[in-house]
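A.B. asks: One structure follows; several queries about it will come next.
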Amino acid sequence: MVDYDAALGYIGSFGTYQKLKFTLLLLLCIPVGIHMLAMPFLGAQVSHHCAIPELAEAGLSPNNSCGLNYSLPWVTDKEENTETPSECQRYNVSRYELGNLSCPFERNSEKNRTILNCDKGWWYDRRVYNSSVYMEFNLVCEDEPLNNLAQSLFMVGVLIGSILFGQLSDSIGRKKTMYLAVLLQLGFGVATAFAPNYIWFVVLRLLVGFTAMGVFLPAFVIATEMVGVDRRTLTGTLIQSSFSMGGVVLTGIAYLIRDWSRLQLAISLINVVLVLTWRFGIESPRWQLSKGRNEEVVRMIRRAAKVNGVKVPDEVFHAGKKQVTENDKTSPEKPDLKKIGGPEYTIFDIVRTPNMAKKSAIIFFNWFVVTVVWFGLALNTQQLGGDNYLNFLIMNLVDFPAQIFSIFTVSYFGRRPSLTFFMLFGGAACIFYTVIFTPDMHPLSVALPMVGKFGNTAAFSVVYVWTAELYPTVVRNVGVGASSMWSRVGGIASPFVMLSQTVWGPLPYLIFGGLSVLAGLAAMLLPETRGVRLPDTLEEGENFGKCVHFLFSCS
């Protein structure tokens with residue numbers, strides 16, 4: 001049997017060959033981030049009011065101020081101290097009235113006039129966006145929450161896909177699953193561009209979301225399984241940056257294409273090129289070894305050795321497990337899962353005992369919160385005022401230093417203080433935004449959500465690493481999978497949190513900040529795992545971190 005870990009000692013934990021394959025994995029995942037973050041442009045919300053076709057019949061332009069003053073009720077915004085035309089109501093006017101109107105006409109000057117709902121459709125401000133699903137399908141007034149529902153249903157698709165594609169990946173392999181999902185994403189993405197109505201749009205977007213984890217999860221697993229243990233944190237963190245890279249790429253494409261249907265088509269056709277990279281893709285060597293495909297692994301190691309300019313001794317390709325263990329005096333003996341009690345465990349095993357249940361509840365809550373906040377901040381830059389394209393770009397760019405900084409803090413300060421600090425830091429920024437919020441404080445009102453996003457992204461990177469270390473070996477995959485499920489729930493809930501802005505403009509940020517602070521404080525009840533022998537059995541998992549208090553951890 002091939003000893004892949006021994007081979008890594010010769011070809012390098014993260015040599016040139018692995019870096020090239022990792023780059024391809026990163027490219028495959030970028031469209032996932034693009035589709036996941038596309039709704040701010042696909043469903044861009046713009047100023048609107050009831051259409052008044054009688055203006056044209058009377059020979060007036062649609063934007064004639066005198067005619068609009070007469071035709072629309074005007075509403076006063078007490079927070080911003082401004083007047084805007086009603087978005088959902090109009091007066092009953094005739095061509096004759098408008099044609100004989102005396103201008104200027106004072107707004108709301110006549111009482112007891114008949115008020116109608118927008119029976120002739122809506123007028124939309126198309127100065128920035130030529131079209132969006134918000135405009136095309138009239139997702140306004142009582143139908144406005146449907147815009148948020150579209151993103152939530154996308155995340156439902158992500159949830160379903162993470163379950164089904166995860167099982168498929170273990171069955172037929174990571175590479176086949178990943179490229180199958182890339183192909184399906186191409187098909188569903190193109191079909192979405194031609195959706196004839198809202199129902200078809202959300203159904204097809206759900207299917208695009210379904211494919212998202214089919215690409216990302218196998219790529220994430222390959223990225224961590226093809227490198228040495230000392231590089232798994234690095235590759236696992238960097239592969240997550242594909243979401244932010246997708247956001248940056250999306251900004252440029254959306255800036256050039258202001259029509260939602262063409263934009264959707266453009267971001268979907270990226271996958272045409274990626275499908276053609278099949279022959280350059282890599283299968284997980286550890287999955288191949290688990291299936292007895294030693295020859296494929298041997299060929300991969302030889303290719304890697306050639307690219308990296310090294311030689312691998314023949315004994316690496318024929319080493320038995322027993323022989324390698326006896327020779328490798330520095331490696332700790334791996335636990336025998338059969339002696340531990342068997343590899344078949346369920347989600348109930350991670351919540352059956354008190355300490356495990358407590359740790360799981362805190363972990364689940366943190367995963368839920370970081371996802372609610374991440375998507376809430378990333379998808380709602382339009383609410384910050386100013387140039388939405390610039391806001392969206394900066395909101396994604398802050399992720400890169402956050403991820404790099406999180407790698408540093410996790411390595412030097414540990415998981416517990418890092419997650420706590422980042423959650424409190426990001427939460428405090430969001431809360432402070434609500435304290436100083438006024439419509440005219442544009443620079444600071446944009447900066448604080450960016451700071452909150454920095455803390456949240458860094459926390460996201462930490463919680464990925466920490467979760468895998470907190471669960472004992474026998475239920476590690478179950479624990480990470482269950483935590484990831486709560487992340488999907490957070491993604492589904494996030495668009496609905498944003499609906500609270502109809503009550504008070506900055507209320508969503510108060511919710512984001514409050515949840516982040518609670519999650520950060522709760523994380524202090526979890527044990528530190530840096531430099532600590534990790535638990536293997538359920539019994540060790542239950543005892544691990546029992547004496548943790550807010551100010552210290554005795555793990």
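Cβ atoms are placed via backbone N, Cα and C, with glycine included.
Curation plays no part in TrEMBL annotations; they are all automatic predictions.
Just lifted these from TrEMBL, have a look:
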TRANSMEM  22-42  transmembrane segment
DOMAIN    92-531  domain 'Major facilitator superfamily (MFS) profile'
TRANSMEM  149-166  transmembrane segment
TRANSMEM  178-196  transmembrane segment
TRANSMEM  202-222  transmembrane segment
TRANSMEM  234-257  transmembrane segment
TRANSMEM  263-282  transmembrane segment
TRANSMEM  360-377  transmembrane segment
TRANSMEM  389-412  transmembrane segment
TRANSMEM  419-438  transmembrane segment
TRANSMEM  507-526  transmembrane segment
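Tell me what's around each of these sites.
C.D. replies: Residues 14, 129, 132-133, 147, 150-151, 154, 158, 178, 182, 185, 189, 208-209, 212, 215-216, 219, 222-223, 226-227, 235, 238-239, 241-247, 249-250, 253-254, 260, 263-264, 267-268, 270-271, 274, 277, 280-282, 378-382, 388, 392, 396 of the same chain lie 6+ residues outside the transmembrane segment (22-42) yet bring a C-beta within less than 8 angstroms of a C-beta in it.
Note on the transmembrane segment (234-257): residues 14, 22, 25-26, 29-38, 41, 216, 219-220, 223-224, 227, 263, 266-267, 378, 389, 392-393, 395-397, 399-400, 403, 406-407, 457, 460-461, 464-465 of its chain, located 6 or more positions outside it, place their CB under 8 angstroms from a CB of the stretch.
With a threshold of 8 Å between CB atoms, the same-chain residues lying at least 6 positions outside the transmembrane segment (263-282) that come near it are 21, 24, 27-28, 30-31, 34-35, 38, 41-42, 175, 178-179, 182-183, 185-186, 189-190, 192-193, 222, 226, 250, 253-254, 257, 300.
Long-range contacts of the transmembrane segment (360-377) within its own chain (CB-CB distance under 8 A, at least 6 residues past either end) are made by residues 151, 155, 350-351, 395, 419, 423, 426, 430, 449, 452-453, 456-457, 459-460, 463, 467, 470, 479, 482-484, 486-491, 493-495, 497-498, 508, 512, 515-516, 518-519, 522-523, 525-526.
Outside the transmembrane segment (419-438), and at least 6 residues removed from its termini, the chain residues within Cβ reach (under 8 Å) are 366, 369-370, 373, 406, 409, 444-445, 448-449, 451-456, 458-459, 462-463, 466, 505-507, 509-510, 512-517, 519-521, 523-524.
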A.B. asks: Taking residues 6+ outside the transmembrane segment (507-526), which of them lie with a CB under 8 Å of any CB in it?
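C.D. replies: Beyond its ends, the transmembrane segment (507-526) has Cβ neighbours at 358-359, 362-363, 365-366, 369-370, 372-373, 376-377, 380, 416, 419-424, 426-434, 437, 449, 452, 455-456, 459, 466, 470, 497-498, 500-501, 545, 548-551, 553.
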A.B. asks: Grab the same-chain neighbours of the transmembrane segment (149-166) for me: Cβ-Cβ under 8 Å, and only residues 6 or more beyond its ends, written as numbers and ranges.
C.D. replies: 35-36, 39, 43, 133, 177, 181, 198, 201-202, 205-214, 217-218, 375, 379, 481, 484-485, 488-489, 491-496
A.B. asks: Are the transmembrane segment (202-222) and the transmembrane segment (389-412) close, by which I mean at least 3 Cβ pairs under 8 Å that are 6+ residues apart in sequence?
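C.D. replies: No, the transmembrane segment (202-222) does not contact the transmembrane segment (389-412).
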A.B. asks: Over the span of the domain 'Major facilitator superfamily (MFS) profile' (92-531), how high is the average pLDDT in this prediction?
C.D. replies: 87
